[in-house]
Amino acid sequence: MTSDALTIPSELESALRLRTVQYFITKRPWLDLYGVHVRPVPPFGSTSRKPHFDPALIHRCLPDELLFEVFARMMPYDLGRASCVCRKWRYTVRNPMFWRNACLKAWQTAGVIENYKILQSKYDGSWRKMWLLRSRVRTDGLYVSRNTYIRAGIAEWKITNPVHIVCYYRYIRFYPSGRFLYKNSSQKLKDVAKYMNFKASKSENLYKGTYTLSMSDDKIEAAVLYPGTRPTVLRIRLRLRGTAIGANNRMDLLSLVTSGVNDEEISSTEEDILGLVEGWEDDETHNPDIPAVSHKRGMTAFVFVPFEEVDESVLNLPPEKMDYYVTG
């Protein structure tokens, strides 16, 4: 009797406590769904004991074989964007075959054997690591140098000392073969990008040249021939850099020199202009009528703009909206 008398008050006390708690707790049935992982059942008639995982719709439409063929035809920077879609694509993009093709195309002037030696000695046999860390010029867009200067205007009856902000551009498009196109114009980026190729007509004033990239100091030596009655060679020296690893989206303009050349030299080395001026001094010229001139104006750094961004780039803004552009 004594033990029963002791247990009854404790049971009543717990019941009263639960009744009091019910007033403070709101019933939320959806909370019961948290932590419950619903796994799909295997198809009817399947003899497999492994758990069945239903793939996403995009994975059903693109089997692994077709996905591999699509990635094999994509540009390297498009592969980087595709790796952000899902985990499966990220693992697929790490296939070394994609990056091997990109590396051999980017450094095709060095040769296959030399690229394999550099791969094993510096990048631990990883083509993707080589693509990210080795210096290279980008060929999927244009390098643009936007330059502005102030020019005095004509005095009018309202304005006594008018000034104008003049804007012009230097455009460079590189090719993996060691050739490039150069243009100096006041036209906007979105207009020049349409015809910046070797198929452009002579009226577009595109100049062809050759270049080399030094892997030791990331410097680019380039030369362009200005044809005409008095042929002139434009020698360009640049330093390649990037705002992020593997970006290679900036080029500092170190020097810009124009020199005269002989007609005999042009006829013998018309395709390899850089080989013609190799070893020349900055003040050297081979035509006494055309002295060597080292230009100091218009030395703004080049900024890389991919082809898919030329229409929306801020470099298209007029001087009234952007008088100066900080390259960074």
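Note that Cβ sites are derived from N, Cα and C of the backbone, with glycine treated the same way.
The domain 'F-box' annotation in Swiss-Prot covers 56-102, and the record cites sequence analysis as its basis. The feature region 'Mystery domain 1 (MD1)' is assigned by Swiss-Prot to 126-158. Taken from Swiss-Prot, the feature region 'Mystery domain 2 (MD2)' covers 163-201.
Proximity of distant same-chain residues to the region 'Mystery domain 1 (MD1)' (126-158), defined by a Cβ-Cβ separation under 8 Å and at least 6 residues beyond the stretch ends, is recorded for 75-77, 94, 96, 99-100, 102-103, 106-107, 118-119, 164-176, 189, 192-193, 196, 211, 213, 215, 218, 220, 240, 245-246, 248-249, 251, 253, 297-307, 309-310, 315, 319, 323-325.
Using DSSP to sort the residues of the domain 'F-box' (56-102) gives these counts of helix, strand and coil: 35 helix, 0 strand, 12 coil.
Taken as a whole, the region 'Mystery domain 2 (MD2)' (163-201) shows an average pLDDT of 90 in this prediction. Helix, strand and coil counts under DSSP for the region 'Mystery domain 2 (MD2)' (163-201) come to 4 helix, 19 strand, 16 coil.
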